[in-house]
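Data first, discussion second: the structure below is written as structure tokens.
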Amino acid sequence: MEDFVRQCFNPMIVELAEKAMKEYGEDPKIETNKFAAICTHLEVCFMYSDFHFIDERGESIIVESGDPNALLKHRFEIIEGRDRTMAWTVVNSICNTTGVEKPKFLPDLYDYRENRFIEIGVTRREVHIYYLEKANKIKSEKTHIHIFSFTGEEMATKADYTLDEESRARIKTRLFTIRQEMASRGLWDSFVSPREAKRQLKKDLKSQEPCVGLPIKVSHRTSPALKTLEPMWMDSNRTAALRASFLKCPKK
């Protein structure tokens, strides 16, 4: 899975995902499925904001890469991918400037056109179930929620999908491609199934002798980037317990 992530995603996204995991004591080389999940979420956030600008009249326009429109204002502020301190600094600045209510949890984006924060979710389950879980957690009508799935489904607050159909189709196509590429490498089942992931992790760790370089301290903290992906992948408490149960050198 680690090789797939490094081949499939932009190096900048990979680097940001590594930093996010390491900040919370998580090892991308061990928790490779989580690594892939964070990269996927980051890429969706970046694709969401790509090519979208606000012109001098305050209207939202789409400008393809390479067009000479440097004076245009980006429609979306990307919050996801920043370290927590900087992310909250950006959020506070936006709230002070616009008067928008400060969110309880770090959102992923801010939409300058609609003047609202956006929470992006990526899931393989029923989108409406994940949407309700996300809404129940956030408990704020001020934060707009937009959920994507690997099957091409989506759900958004009040059926307001923010982006044009073509931009959303680009994201859906990318998610479908990731799924197909994982499946072709035999990685998809373990990526979405905790039971299969447990079996694969046990198999991988048994093949490592001696147990050199494996982490001794197990983290029970959940990284912000991963929270938006649950339950696409196991939460860190379950992952940590699983990892702790298998990080034992085989008896001679």
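Keep in mind that glycine also has a Cβ here, set from the backbone N, Cα and C atoms.
As written in Swiss-Prot, here are the features:
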- E80: active site (ACT_SITE)
- D108: active site (ACT_SITE)
- R195: site 'Important for efficient shutoff activity and nuclear localization' (SITE)
- K198: site 'Important for efficient shutoff activity and nuclear localization' (SITE)
- R199: site 'Important for efficient shutoff activity and nuclear localization' (SITE)
- K202: site 'Important for efficient shutoff activity' (SITE)
- K203: site 'Important for efficient shutoff activity' (SITE)
- K206: site 'Important for efficient shutoff activity' (SITE)
Cβ atoms near D108 (active site) (within 10 Å, other residues, all chains): 27
Inter-residue C-alpha distance, E80 (active site) and D108 (active site) (nearest angstrom): 5
Cβ atoms near E80 (active site) (within 10 Å, other residues, all chains): 25
Mapped DSSP class for E80 (active site), helix or strand or coil: coil
